[in-house]
Amino acid sequence: MKNNNSGKTSLYPEEKEEKILVDPYGRKVTGLRISITDRCNLSCMYCHNEGADCCSCGSLGHEMSPELICGIVREAAKFGVRKVKFSGGEPLFRKDFEEILACLPPLKEVSATTNGILLEKRAKTLKAAGLDRVNVSLDSLNPEKYGKITGAPPGTLEKVIKGIDSAVEAGLTPVKLNMVLLKGVNDNEIDAMMEFIRPYGGKVILQLIELMNIDPQLSKYMIDSKALEKILEERASEVRVRHLHHRKKYIIDGVEVEFVRPMDNSEFCAHCSRLRVTADGKFKPCLLVHDNLVDVREAKSPKEIEKLLRLAVSRRKPYYIPATGVTKLEKWQE
């Protein structure tokens with residue numbers, strides 16, 4: 001078991017099955033995805049704000065304190081949560097991010113998803129505070145196209161690339177480049193992105209992400225995911241399958257490529273092991289469901305956090321269910 005914070009020992013006995021959080025569909029919860037801010041310095045055309053309704057997006061007042069964030073993680077770790085991913089908004093907008101990282105219990109992996117703009121100057125301090133690795137959003141290597149997708153001013157792409165270099169140098173690896181595929185915009189850049197990461201020698205992975213079509217205006221940008229999967233398989237010398245969401249990893253000419261397909265994908269839901277936490281302190285059982293949130297800010301003690309955590313897990317339900325209508329995980333996998 002990895003120990004992120006020197007001198008600390010594991011808080012949770014690995015072998016005690018009764019400690020594991022399991023939802024009504026048999027899925028174990030072993031990870032948290034925590035949004036620590038809604039603030040961001042980009043306005044990406046496809047952004048879903050981590051499923052938030054964003055009535056208070058951009059507001060400092062509603063963000064969780066470091067104490068609450070760490071309290072949530074400590075309680076979750078007692079019940080089998082091994083991995084935590086921090087997101088936003090842009091998590092590096094939190095000047096106290098290092099403070100948050102430093103107070104976490106020992107975990108298998110602590111990661112963050114960032115747009116990379118502020119990463120160059122903080123990569124080393126984030127690593128020292130306990131961050132293991134980062135995902136960096138990079139949808140295009142073309143400055144003009146990057147600006148069109150993200151709303152970023154000229155010169156931003158160069159900052160992101162410097163941030164990636166700094167992350168690799170600091171040991172925040174493997175760095176995963178999140179590339180949301182947009183038909184007719186950047187879907188012709190996959191090979192260029194693969195060549196971009198090749199010099200990093202396996203320390204950077206390309207993660208292709210299917211557009212989440214939650215806005216009718218985005219429908220025209222949806223790619224043919226099955227066709228792309230077929231091409232990737234044909235070109236790959238090796239195909240591996242990750243447990244998380246049953247994702248496929250393709251080794252193509254020595255470069256590692258993942259393809260994340262969340263839309264209309266019952267396999268994605270069947271293997272989902274994460275519980276989300278919104279920036280304003282609510283457990284969110286599913287990214288695409290908005291009426292079953294659990295407000296953890298009401299908790300006045302660790303025991304109350306545990307109670308609300310269990311309530312949120314009990315509300316987890318797969319958004320996409322196989323056409324058979326079978327909803328028990330063990331049946332899905334037969």
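From the backbone N, Cα and C atoms, a Cβ is placed for every residue, glycine too.
Per Swiss-Prot, the features are:
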DOMAIN    24-256  domain 'Radical SAM core'
BINDING   R33, K85, T113, K176, R274, L275, R276  GTP binding site
BINDING   C40, C44, C47  [4Fe-4S] cluster 1 binding site
BINDING   Y46, G89, S137  S-adenosyl-L-methionine binding site
BINDING   C269, C272, C286  [4Fe-4S] cluster 2 binding site
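Structure coloured by features recorded in Swiss-Prot.
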{"residue": "R33", "record": "GTP binding site", "DSSP (3 states)": "strand"}
{"residue": "C40", "record": "[4Fe-4S] cluster 1 binding site", "DSSP (3 states)": "coil"}
{"residue": "C47", "record": "[4Fe-4S] cluster 1 binding site", "DSSP (3 states)": "coil"}
{"residue": "K85", "record": "GTP binding site", "DSSP (3 states)": "strand"}
{"residue": "S137", "record": "S-adenosyl-L-methionine binding site", "DSSP (3 states)": "strand"}
{"residue": "C269", "record": "[4Fe-4S] cluster 2 binding site", "DSSP (3 states)": "helix"}
{"residue": "R274", "record": "GTP binding site", "DSSP (3 states)": "strand"}
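The Cβ of T113 (GTP binding site) lies under 8 Å from the Cβ of K85, F86, S87, G88, P91, V134, N135, V136, S137, N178, each on the same chain and at least six residues away in sequence. L275 (GTP binding site) has its Cα within 10 Å of the Cα of none of the binding-site residues C40, C44, Y46, C47, G89, C269. R33 (GTP binding site) sits 11 Å from C286 ([4Fe-4S] cluster 2 binding site), counting Cα to Cα.
Other than Y46, G89, S137, the residues of this chain whose Cβ falls within 8 Å of the Cβ centroid of the S-adenosyl-L-methionine site are, in sequence order, C40, L42, C44, C47, G88, N115, T150. The [4Fe-4S] cluster 2 site, placed at the center of the C-beta atoms of C269, C272, C286, has further neighbours from the same chain whose C-beta lies within 8 angstroms: R27, F268, L287, R316, K317, P318, Y319, Y320.
When the binding-site residues Y46, G89, C269, R276, C286 are compared by Cα distance to C40 ([4Fe-4S] cluster 1 binding site), the shortest distance belongs to G89. Looking only at other Cβ atoms within 10 Å, the busiest spot among the binding-site residues C47, L275, C286 turns out to be L275. The Cβ of R33 (GTP binding site) has 18 other Cβ atoms within 10 Å, all protein chains considered.
On a Cα basis, R276 (GTP binding site) lies 19 Å away from Y46 (S-adenosyl-L-methionine binding site). Packing around R274 (GTP binding site) is summarised by its Cβ count: 20 other Cβ atoms lie within 10 angstroms of its Cβ, all protein chains included.
In the three-state DSSP assignment, the secondary structure recorded for C286 ([4Fe-4S] cluster 2 binding site) is coil. If you take the Cα of R274 (GTP binding site) and the Cα of G89 (S-adenosyl-L-methionine binding site), they are about 18 angstrom apart, rounded to a whole number. With R33, K85, T113, K176, R274, L275, R276 listed as the residues that bind GTP, the site has a largest C-alpha separation of 21 Å. Highest Cβ count within 10 Å among the binding-site residues C40, C44, C269: C269.
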